[in-house]
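Data first, discussion second: the structure below is written as structure tokens.
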Amino acid sequence: MYNNSMKLLFLSSLMMGTILSISSNNWLGIWMGLEINLLSIIPLLTDNKNMMINESSIKYFIIQAMPSTMLLISILLIQMKYMIWLEKENIPSMMIMSSMMMKMGAAPFHFWLPEVMGSTSWMNCLILLTWQKIAPMMTLSYCIKMSSFTFTVILMGIIVGAMGGLNQTSLRQIMAYSSISHLGWMISSMVISENTWELYLCIYFLLNIAVIMMFSSMKLFFLNQAYLSGNLKMEIKFLMMLSLLSLGGLPPMLGFLPKWIVIQSLIDNNMTTIMFLMVTFTTITLYYYMRISFSAIIMSHTENSWLMGIKINKSKMILSVMTTISMLGLICTSSLMLFY
């Protein structure tokens, strides 16, 4: 009872910090909201029974303290009007962008994200991949503009997200590298339009919830556990594959819809080079999504008789609802293509 009350308290303050940050009209309010958010998630990441989770919470706190300091220094530099040469070089703006990218785990400030996610629970992973990205993304949208720095960040995000997940066996770290790749797409859409990246963020949240709830309910943490899922019914495996491919952005799933809008917007703004590179490297991410799915569906292996009694009613219900939503992307995408 005490543990649940504590989690509810810190979860409420976590949400309050994010809402304060995105609704503030000054930089100090944004910084305060981010600090409340940081101090609220640390107790949620800790666990007295698992020292590895405690280690990840300490790593998270140390890493997140650095961009908070950088943001505060950037705010002070903006307020010091006599440092005109800094404004001309856009140094405070680049410092704010860098601090926000470090907070949400975008490349090249991504090194902490796979490490922290690799040793925490699925529910904490869900918070890190969804709610914790809202405030930094909103703050980043205030000062972002297309430059060589932004171009490098977008390209590095796509490349790191594609290459980093290839040799991973931990599903949590694969989801972390998937997040890095999606952040590259969201930052590129942020340069073009506010509505585009917000739509991308909402659909990304939905698909992440579907996949992480699936892994959590089936208690899958590593790739080799997918081999032991041969005792699950074929429809469960098929739904799992559809959810993963939708997260990867394979047409005509729902996950393809925001990417299609971003591609069209980049072409309209004569940014075909970065669009071509993004699409090319994003196809690599589909490989490790299909590797998870096919290891459960196609690979032949010995089935253990003591696993035949696994109850999957809860998993099946979650997967059915989420995959139905993902499959609506077929209707949405087709309709948009007809009326465009």
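Keep in mind that glycine also has a Cβ here, set from the backbone N, Cα and C atoms.
As annotated by TrEMBL, domain 'NADH:quinone oxidoreductase/Mrp antiporter transmembrane' applies to 24-285.
Residues annotated as domain 'NADH dehydrogenase subunit 2 C-terminal' in TrEMBL: 286-336. The average pLDDT computed for the domain 'NADH dehydrogenase subunit 2 C-terminal' (286-336) is 63.
Annotation comment: TrEMBL describes 1-21 as signal peptide.
The transmembrane segment feature in TrEMBL is assigned to 58-78 (among others).
The transmembrane segment annotation in TrEMBL covers 139-162 (among others). Within the chain carrying the transmembrane segment (139-162), a Cβ under 8 angstroms from the stretch's Cβ atoms is held by residues 21, 30, 34, 90, 93-94, 96-97, 100-101, 104, 106-108, 110, 177-185, 187-188, 190-191, 194, 197, 274, 277-278, 281-282, 284-285, all 6 or more beyond its ends.
Positions annotated as transmembrane segment by TrEMBL: 174-192 (among others). Same-chain neighbours of the transmembrane segment (174-192): 104-107, 110, 113-114, 117-118, 125, 129, 133, 137, 140-141, 144-146, 150, 153-158, 160-162, 164-165, 168, 200-201, 204, 208, 211-212, 223, 247-248, 258-259, 261-262, 265-266, 269, 274, 278, 281-282, 285, 288-289, 292, counting only residues six or more beyond its ends whose CB sits under 8 Å from a CB of the stretch.
If you look up TrEMBL, you'll see 198-217 (among others) marked as transmembrane segment.
Feature annotation from TrEMBL assigns transmembrane segment to 238-261 (among others).
Panel annotation: around the transmembrane segment (273-290), residues 151, 154-155, 158-159, 161-163, 165-166, 168, 174, 177-178, 181, 184-185, 188, 241, 244-245, 247-250, 259, 263, 266-267 of the same chain, lying at least six beyond its termini, place a Cβ under 8 Å from a Cβ of the stretch. Positions annotated as transmembrane segment by TrEMBL: 273-290 (among others).
Positions annotated as transmembrane segment by TrEMBL: 317-339 (among others).
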